[in-house]
Amino acid sequence: MVYSDTKTSKKIKKYKINIMKKKLNIFQIPLKGIHLIEASAGTGKTSTIAFLYLRLLLGLEKNKENIRKLSVKEILVVTFTNAAKEELYIRIKKSIKELHLSCIKKKSKDPIFQSFLTKIKNFDEAIHILEDAKININNAAIYTIHGFCQDVLENNTLISNREIIENESFLYLQATQDFWRYFFYNLPKKIIKIIYEEYRSPEDLLREIKPILKVNSSINFKKKFDKKETLITFHEKIINKINIFKQKWLNYNLIILKIINQLKVNKKIYSNFNILKWKKKITEWAESETKNYKMPICLKYFSETSIEKNIKNYNFKKHIFFEEIDKILKKNFSLKNIILFYAIKNIPKFVKREKEKKLLLGFNDLLKILLKNIKKEESLREIIIKQYPVALIDEFQDTNIQQYQIFNTLYKNKKTALFLVGDPKQSIYSFRGADIFSYLHAKFKIKNYYYLDTNWRSSKNICKAINYLFSKNKNPFYFKNIPFEPILSSSKNLNMKFKIKEKNQTAISFFFQKKEEVNIEEYRDWIAKQCANEISYWLTCSKKGEAIISDGSQERILTEKDIVILVRNRTEAQIIKESLKKVNILSKYSSPYESVFKTFDALELLSILKSILDPTDINLLKKSILTHILNKIAFQKIKENSKTKISHFLIQKLYEYNDKWKTIGIFYTIKTMILEYQKYANNFEMYKNQQRNINFLHIAELLQEKSQNCYKENSLMRWFEKKILEKNNISENEYIKNFAESKIIRIITIHKSKGLEYPIVWIPFIVDFNVSKSYFYHEKKTLKIFFDNNKSSETLKKSDEERLAEDLRFLYVALTRSIYHCSIGISYLVKKRKKNKKSSDIHKSSLGYIIQNGKCMNYKELLYELKILNKKLYIEVKYQAMNCKSLTIKKDDLYILSQPQFLLKEIKLYSQITSFTKIKQENKHFNNIQYNNIESYFFKEKDKKKTIHNFPHGNKAGIFIHYILKTIKFNNTFNIDWFYTILKKYEFSEKWAKTLMFWINNILNFKINNLNITLSSLKKTQYIKELEFFLPIKNTLYCEDLNQIIQSIDLISSISQKIFFNPVIGILKGFIDLVFIFNKKYYILDYKCNYLGNNDNCYSSKNIKKEIIKNRYDIQYQLYTLALHQYLKKKVKQYHYKTHFGGVFYLFLRGINVKDSIFYILPDYLLIKKLTKLILQKK
């Protein structure tokens, strides 16, 4: 879509008068007013922001000595992603540190810092300011856009008791389902059948409109419907039009058949037989009842268009009905228009209603609320400006209209400063809501316009090649308003070279598939092979010392870590991975900002470490044995000694690791495991798993570091679990230390590569494209967003123009990642083969548009353009990669460890156990379970009288009893054979069967306090077993806050010692053994299999109370109550705690023969309210 209309051109010319485009001098730009800084790729955008930040800290204004110096809390820095926020924080922190050191030394090797020194008049003051900034950098106002909005709104109490949600997908699905029910359920069946042909489910409808619903600006419709227009009335209108046409057919068909018979038509198509057959079909349709909008396919042969194509004499006698047929065939009758109109109008309303009902806010709601309030409240604007007199907005090209309006409204005052830094050529995030048109709109309103013109990243020839490619076309980014300015190369990069066998390689190599009419599958296979072969050739040369990278001052040999392949998605990545695999090159598809805690290795290590902390927990043992490390060690033990019992061996091994952990620390414990694994692994396994070992050791380092501040091992595991669950907040030291640094080729999406740089880049699939199927576009004159629910071909064309424009920006981002060299694939690509097709489709792709100047070209014309490119010293066109043998990997053993080598047949396990709270676990000493107890689990028991008191105690026994109570039906009678089976399954002696049967029977018939009920009397509809819950900890939970609340209200807590744990935030997960309803009240019942002594008298109220205090079961019942309270609020109409919640029972199962073996408490409502506020309500 090119802005060529008169009104827009005049508007742009008007703005151009006001815009003074200047090259940026970091020390000359005023620190007041609104400034736009356009920074092309590699020109130092992040450094520019950091240097402006330093100027603001020191108050270095041109010719002004009295400008106020700002603190780190007063300089607002806003970007759009957490990764960018982290990068800015690191760069600003580093710059403060470097300038501080330079001020102390009064000299610097860096020319920028040296320039700062010449402008500082009072070094003592500057050192003090920078030292203060270093100390307070953690309080710097560096935000994502949504983080900034949330902070302002919460600090000014404009939102309260609202949960902020990042992902609103579930709300939109629910709203679409509500819309579906509201609009469709009461329709006649005949209309529902027609709708079903368009959309089979609410999910289908949501899939089509989701891109439109993501747009923050208001949407305009090409066709609007009157409020009185319903699906029924619209349907009836369509049916009426079809019926009118049917009647016309019955009236005129003989006349038009007579006309056709008189014409010299193509008799191969219009034979008498065909004409009569078509007439019969159409007449039968015309005489039948109209139930849908389908037309007979053969009707097209009677259209004016079809007849004109198939006659020799075009001046045939026309009848008006021929034209009528053409018109009705073009109508494409459908209910989609009206459905989409009402869906787009109403679904956001349903979402809004649901958010208000559930007290939820999405990220975009934060923008809307803040914009609304700052527009109407001058006092709020003043508060924000007073707090942040200067704002630096990073990645401004990724803005949308609301984000721009917020900052424009705040910083219109001349006394403030707003710096907008970005590059419209790199706006590639429309799928996330970024709107390049908002940027263009803002650009035209800003008078102070600066640019950066020196590329500090790439070699001179890379800069030349990119300048040439994007200067070939007058509008290289399709829109006239996004021009391309040739970039200069930094003087330090003038001698950068990539050499193979002492020959300098060109900056860009195009690999062209010399074949006409190539389809996408053929092209993908071919270019993937070329990519793999070329990289194989480079690496082979590298092994011989013949592949060299030189920065002008020193040379080094090319390694795998220097090479990156850029793709669009996982599908393209997989194609490349397979090709690389064929030539024995290892590769990895990953995110550049991926945390080591998000790897599968972190989950495996967590399973192992948990098992080390509790070797007797069979459930943990099951998970840990399925990990690669323990599985290999155990499997090798079987090979060495087939008589070894795996369960015994593993438990002993886990206890060994446990001792090491306590004596030499977690890092060396993990390292010992890896060394033991490597002792049994063959060379190829070790080669294959080097990345995993790097990850394990990396996590071990982080855990060792964290362990210095952790009170207990379980506390460390809680932190470890939290890091695995965290979505954001990734620290730089957590980024994966890729084995790719030495041995693996990285494959990264172009989206994720933005902002990064790589020595050598391959872009194999950039010539591919997907024509837009969206009916969503920006109107040329007003830049308003339109949705064409009429679905015209003109709209599709406009939408595809916008797609191509973004693809061109996508290409620019990909090309500008390279430092020394970039290889690109290209082909004479034909998406859909057509007869007599004289041109390919690549002009519709970004690369084709650039090379062919936006023109349609045939094969010879494309070859000619490539020959012109090939004449440039910095560009080369290749037709095939260098032939090279596959790289060899030494394999002492071809066996590949692809999965655990044996499944536990020996250890029979169940699937679930009751979870204790993690907070309690942090205070539990490991030595509560003694090694001697293991014998009662795995070895033959001595013959003695069987009672419930001497039934094996410990973790395994508790799990076993819980499993029985979870599995059985409360009101059934038992067969002793079942007990024999289950005892055998869990490796207990079958001699316990009779005792166990009586014990379980007594439990089920035990009277629960004053309720006068038993478990066996409960109906199935009265209870839920193993109710799982997840409670989000919205605020960092500190032990001091929890102790203060529970000890001030709860009697048991008040006489218990304070609990200690590290600050936590994340998700609290648990299982409630039993929830039951009686007399309209809901109760929690938790089974306790604790051993208090060898007779019934040991289970007195006094002893039970001591056991509850000792194990801090008070915190358990408080959190369980909180969880059930939240659950019932959603499930019970007009729910209130005091009316509907009955309390908590702890049933001590070994004391079931005495009345006192049950403990009851009803937690105070005030306690639950305070816990809700502390844990669940975002502060």
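From the backbone N, Cα and C atoms, a Cβ is placed for every residue, glycine too.
Between the candidates HIS962, HIS1136, HIS1140, Swiss-Prot assigns the Mg(2+) site shared with ASP1073, ASP1086 to HIS962.
ASP1086 (active site, for nuclease activity) carries a strand DSSP state (E or B). Across the residues of the domain 'UvrD-like helicase ATP-binding' (18-459), the predicted structure has a mean pLDDT of 89. Cα to Cα, ASP1073 (Mg(2+) binding site) and ASP1086 (active site, for nuclease activity) are separated by 5 Å. Of all the Cβ atoms in the protein chains shown, 22 others lie within 10 Å of the Cβ of HIS962 (Mg(2+) binding site).
In the three-state DSSP scheme, ASP1073 (Mg(2+) binding site) falls into the strand class.
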